[in-house]
Amino acid sequence: MRFGRFHIPANHIFLRTAKSAAFVNLRPIVPGHVLVMPETIVPTMAELSTEEYTDLWLAVRQVQAALATEFQVDAFNVAVQDGRAAGQSVPHVHVHILPRKSGDFERNDDVYEELDAWVPKEGILKEKGTIDVPDDEDREDRTLETMAAEAAIYKRILGGLDHDAKL
């Protein structure tokens, strides 16, 4: 499957719907930070058909349910950079889903700065509410094996969920 110009290995994809897919993140900001995208490669939401748009957001809801189970959270940041001027790094509509826990960032809105930088989860919590964020040149990609193992966990959870249930 393609994410813009990038190939996403099949074992990194943990949800496929009629028009969308969800996959693990190469450089997550927090544990469980994943992406959901439509199969159609377009840079803005306005370019999606109504069917594609609806399918994308239903997939987002399914993924949130799986992540809530895995990470024992009841809060999320759900973010879209809709076009290049909005900070979109890959010209393909995608939704960031970040499980959140109370106190995971010193200031709650700091998560948005992290989204802008799209830093890895290797930024370890030094103490409650502070994350040590490495500079861009110090960031390391996760291994393909680590990402495949994470996708397998989410795929298993999704298989056991009632997809019409609310969070």
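Note that Cβ sites are derived from N, Cα and C of the backbone, with glycine treated the same way.
Checking the candidates Q72, Q81 against TrEMBL: the one annotated together with N25, G87, Q88, S89, V90, H96 at the substrate site is Q81. Range with TrEMBL annotation motif 'Histidine triad motif', chosen from 2-6, 17-21, 92-96, 122-126, is 92-96. Cβ packing within 10 Å was compared across the binding-site residues N25, Q81, Q88, S89, and the lowest neighbour count falls to S89. Each residue contributes its Cα atom, and for H96 (substrate binding site) and Y112 (site 'Important for induction of apoptosis') those atoms are 11 Å apart.
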